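Undergrad: Below you will find the structure I want to go over with you.
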Amino acid sequence: MIEPDRLISAVSGRERDEQLDRAIRPLKLADYIGQPSVREQMELFIHAARGRQEALDHTLIFGPPGLGKTTLANIIAQEMGVSIKSTSGPVLERPGDLAALLTNLEAGDVLFVDEIHRLSPIVEEVLYPAMEDFQLDIMIGEGPAARSIKLDLPPFTLVGATTRAGMLTNPLRDRFGIVQRLEFYNVEDLATIVSRSAGILGLEIEPQGAAEIAKRARGTPRIANRLLRRVRDFAEVRGQGDITRVIADKALNLLDVDERGFDHLDRRLLLTMIDKFDGGPVGIDNLAAALSEERHTIEDVLEPYLIQQGYIMRTPRGRVVTRHAYLHFGLNIPKRLGPGVTTDLFTSEDGN
């Protein structure tokens, strides 16, 4: 099974790390690094809503974990000058749970629902009129004497976040006036995030040190900040406290995070496909059995970054590794993937 404290997991970790994440989280769009299209659009929408003195349209934010969906929700509330109340889909088990939140909102407030794709159908039904008409339908009594009453709600903004937009029902998705997708970050933006976080934490970091951490952060700010904290530990114990490129490289190698941001679980998945299934195609269930992992763990945790980086492909016949995987491990490339090239273990993937 995947370790709950996996260093390069994009899922929120221990409470201590979550507290530090909150401390370094930007509060304004001006401080929000990366996602230029999303930032520009949200700045426009927020400015327009403020000018009309209206609540911002309901907003759906989706993308892989750790890219800043919660951060963006908090920024929206901050920029609109309103309060934010946060919850998650699994927590809202009954309509009464949702009603209690909605009836305590002030005009313009933001209700943030993480993992909104996990709302139960009965709760989702209550949410529809609340989103569309700012009304809450409540059943009073039981049996033949039961009756429905409508409560007016102040205009509010629902911000929903999900890693699996495809699991949202069409009626719920259609009620969001603003839909934003967050993409993996490039190394330059991640290096800026690392440098900013280091400054907030009072750390001395060289640009090359920030770039080394960013390079191995899998395009994810949450992972970049987690790696920064572990490199800080290494620098304080085995260095002079400053984070240089050499210190970052030594620390991350010690932590078993390679130059591509892969850890032992990523390498195990790739090598299992190469050694046991001849590079694929292999069905997801067979792969899960070979790795002793759950199917959804492979699909949601391990695969996205490997696919995004071009090491794995999904095909109608199953998963296959690409030539990049063979090059990464210094293995012969099968003829079906191109010329039979043998790479030395210490030769980089670009041949240098």
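Keep in mind that glycine also has a Cβ here, set from the backbone N, Cα and C atoms.
According to Swiss-Prot, the protein carries these features:
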- I24, R25, G66, K69, T70, T71, E132, D133, F134, R175, R222: ATP binding site (BINDING)
- I33, G66, L67, G68, K69, T70, T71, Y185: ADP binding site (BINDING)
- T70: Mg(2+) binding site (BINDING)
- R295, R314, R319: DNA binding site (BINDING)
- 4-185: region 'Large ATPase domain (RuvB-L)' (REGION)
- 186-256: region 'Small ATPAse domain (RuvB-S)' (REGION)
- 259-352: region 'Head domain (RuvB-H)' (REGION)
Undergrad: Where does the mean pLDDT land for the region 'Large ATPase domain (RuvB-L)' (4-185)?
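TA: Averaging the confidence scores along the region 'Large ATPase domain (RuvB-L)' (4-185) gives 87.
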Undergrad: For the binding-site residues K69, R314, which one has its C-beta crowded by the most other C-beta atoms within 10 angstroms?
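TA: For the binding-site residues K69, R314, the Cβ with the most other Cβ atoms within 10 Å is K69.
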Undergrad: Within 10 Å of L67 (ADP binding site) (Cα-Cα), which of the binding-site residues I24, R222, R295, R314, R319?
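TA: Passing the 10 Å Cα cut: R222.
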Undergrad: Within 8 Å of the Cβ centre of R295, R314, R319, which other residues of the chain have their Cβ, at the recorded DNA site?
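TA: The surrounding set, listed in chain order, is G283, I284, L287, I298, E299, E303, G318.
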Undergrad: Of the binding-site residues F134, R295, R319, which sits closest to G68 (ADP binding site) by Cα distance?
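TA: Closest by Cα: R295.
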Undergrad: What is the one among the binding-site residues I24, I33, L67 whose Cβ has the most other Cβ atoms less than or equal to 10 Å away?
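TA: Within the set of binding-site residues, the most crowded position is L67.
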Undergrad: Just counting, how many other CB atoms are there within 10 A of the CB of R319 (DNA binding site)?
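TA: Result for R319 (DNA binding site): 23 neighbouring Cβ atoms inside 10 Å.
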Undergrad: Distance check, please: Cα of T70 (ATP binding site) against Cα of I33 (ADP binding site), rounded to an integer number of angstrom.
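TA: So the alpha carbons of T70 (ATP binding site) and I33 (ADP binding site) sit roughly 14 Å from each other.
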